[in-house]
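Peer 1: This is the structure I have questions about; it appears just below.
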Amino acid sequence: MKRNTIILTAAGVLLLFAGMILSVHIGAKNIPVSEIYRAFFHYDDSLNAKLIREVRLPRMFLAILVGGMLSLAGTMMQGIMRNPIAEPSVMGVTQGATLAVSIAAVSSFVSGVYGNFFMALLGAAGSGMLILIFTMGKASNQSISRILLAGTALSTFFLSLASVVALLGNRSQELAFWVAGGLRQAGWVQVGIVASAGGFFSILAFASAAKINIISLGDDAAAGLGISPERVKLRIILYLVPICGVCVAAAGNIGYLGLFVPHIIRKLTGNDYRRLMPLSFLYGSTILLLADIAARTISAPYELPVGLFTACMGVPVFLMLVRKEKR
Amino acid sequence: MKEKKNSSKMAVCLLLLSAVIIIALMVGSYHISPVQVIQTLLGNGNKLQNFTIFQIRLPRVVLAVIVASALGVSGGILQGITRNPLAEPGMIGINAGAALFVVLWIWAGTTDYYSTLPLFTVLGMPLLAITGSLLSVGLIYLLSSKGGIRPVRFILTGIGVNGGILAVITFYQLSMSKGDYNQVLTWTNGSLWGSSWNYILLTAPLVILLIGAVLFRSKNLDVLALGDELAAGVGLSVAKERLLFLLFATFLAALATSVAGSIAFLGLLGPQIAKKLTGPAHGKMLPMAALISSILLVGADVIAKNLFSPIEIPVGIVVSIVGVPYFIYLMIKER
């Protein structure tokens, strides 16, 4: 088990590094690697150097941060709900944030990057509260079908409202881009906010890994060990809300990433959340980075929604998990 | 005694439906008073009133009733065979399959279907939608069958397939021009925009036929709803009956989707409310579900058309805004 983890970490880091170089290298204009090196260490005002600093680098960092955080959020949700299918987009948290962002997009009282972030946080908080209502019940009520139906209904609801808002503001196609997810808006401001706010709560989340371990054994076991499951769940959801909120504000609705990444990592390293959470973060980053490269290049000069790629990978895993259900 | 109570409930609902229909015929950019509506329906209207009601508003209302009945009965069947009160054709991918095919069709360049409605399109859309939803149900059936179909697994697989199909739809939507896109959006969220007598002539007989067939066999549906063991004990061929009813539900949902896009939650609300009024026997519950769904959809369409006039919002969105809080209420109550 231990060796597995080391190999997995090393492979993940290598892949991530390769992805980082590719992400800066590939685009509408392929920039040679030597120029990338120059842009870092001998910065001049050439177009390539500017392109790297202002466009490619922030996008790369945003992909890493958002991918990692969404996978982390999915891992934590699966842990506290003891349910392999829980994930921010399946549960409607990201759709709640999407609704809030669409309101921000058509109204005049909040605007700009900070307005978007603020609204996304608000929306994620609202939908997070609803999830709280569904998860605080007895463990016997947390069957997969129940949680899923609740999540599906919530997401439909939020997206419907968002569609009304967008239709009225004549912004529906922009909303669709948002819902499909993508990193077009990446800039240093977005990277800064996601890294600081999201990073802060991610660190808190990593620190709670041991608690999630205990919770995932079951409420009774946790109570026996002197830990109140309700309090830990509440705290984790409080961490989840800002993490999901900043991710949606920066990258839209990237679905299923938080579902399949932790699932695969769990298969490879087991159920210890102290290993599971960092590794999920690492692989979530890598996969979103690679998916973003694919989204930019497959039908260049047009960009495909990156959420399409994550859905392509996530839906089969979802179906497989459902197939394994006993009932 | 019970019979009488049931029929009086039915009568009240019919009255409600006619009231909603009259309101739907009244309001719009050209307002017609209720007395004038009734006069026009009796054949004493002036030229403008005749045109507005018979060519524009009445087809829309009739189509709403057909679509709602189909979805209500379809939802009722699904809730029966899956024994899950929350099952609904929109959520488990039946509508999405139909929607995908129609979106592909629009994407492939038949964009003039709103303006001219050539005969081929009128015939082609329902066929296409039915093909799409049959394929998606077939896929869900295959993916969830593992030594027979378990209801819960079927629903969950449906949700997953639904998610996948929606992602593909988004992909095609995004590569459309803004005008096409808005039409597709209105369509994928459910709308009675393209209603005309042509569609009604095509769908009404089929829907009536299917609902009739379902009602004729409704006793078997009652038995299925008791559970597999009991149903098998009574001598029912469970797998065969379930498949048959699944096909009925699919065809009904597909027909509805082909003319009105995917309207979610209507198939949930109608049967739920009907069950409260008539009890669980499908023979009584399903007609009531059709009636309740019709009231809801005609009412929702009035709101969708007039609330933000001249912008029309998809009627499916109005239904979900009403339907979801009710759904959440059901979930919380269930614990």
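If you go along the chain as it appears here, the first residue is 1 and each next one adds 1.
Cβ atoms are placed via backbone N, Cα and C, with glycine included.
What TrEMBL records for A:60-80, A:92-111, A:117-135, A:147-168, A:188-207, A:236-256, A:276-295, A:302-322 is transmembrane segment.
Are these features on the surface or tucked inside, and what are their neighbours?
Peer 2: Remote same-chain partners of the transmembrane segment (A:92-111), defined as residues 6 or more beyond its termini with a Cβ less than 8 Å from a stretch Cβ, comprise 118-124, 126-128, 130-131, 150-155, 157-159, 161-162, 165-166, 168-169, 171, 174-175, 178-179, 240-241, 244-245, 247-249, 252-255.
Remote same-chain partners of the transmembrane segment (A:276-295), defined as residues 6 or more beyond its termini with a Cβ less than 8 Å from a stretch Cβ, comprise 5, 8-9, 12-13, 15-16, 19-20, 22-23, 26, 59-60, 63-72, 74-76, 182-183, 202, 205-206, 209, 212, 254, 257-258, 261-262, 264-266, 269-270, 303-306, 308-310, 313.
Within the chain, the transmembrane segment (A:302-322) has long-range Cβ neighbours (under 8 A, six or more residues past its boundaries) at 84-85, 90, 144, 177, 179-184, 251-257, 259-260, 263-264, 287-288, 291-292, 294-296.
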Peer 1: Report the listed stretch (A:60-80, A:147-168, A:188-207, A:236-256) having the maximum count of Cβ pairs within less than 8 Å of the transmembrane segment (A:117-135).
Peer 2: A:236-256
Peer 1: Please identify the stretch among A:60-80, A:147-168, A:236-256 with the greatest number of Cβ pairs below 8 Å relative to the transmembrane segment (A:188-207).
Peer 2: A:236-256
Peer 1: Mind checking which residues reach the transmembrane segment (A:60-80)? Cβ under 8 Å, same chain, six or more beyond either end.
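Peer 2: Cβ under 8 Å, 6 or more out: 16, 20, 23-24, 86-88, 91, 135, 183, 186, 190-191, 194-195, 198-199, 202, 205, 212-213, 215-216, 232-233, 236-237, 239-240, 243-244, 246-247, 250-251, 254, 257-259, 261-262, 265, 273, 276-277, 280-289, 291-292.
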Peer 1: At a C-beta cut-off of under 8 Å, are there same-chain residues at least 6 beyond the transmembrane segment (A:147-168) that contact it? List them, or none.
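Peer 2: Sequence-remote neighbours of the transmembrane segment (A:147-168) are 81, 83, 85-86, 89-92, 95-96, 98-99, 102-103, 105-106, 123, 127, 130-131, 134-135, 174-175, 179.
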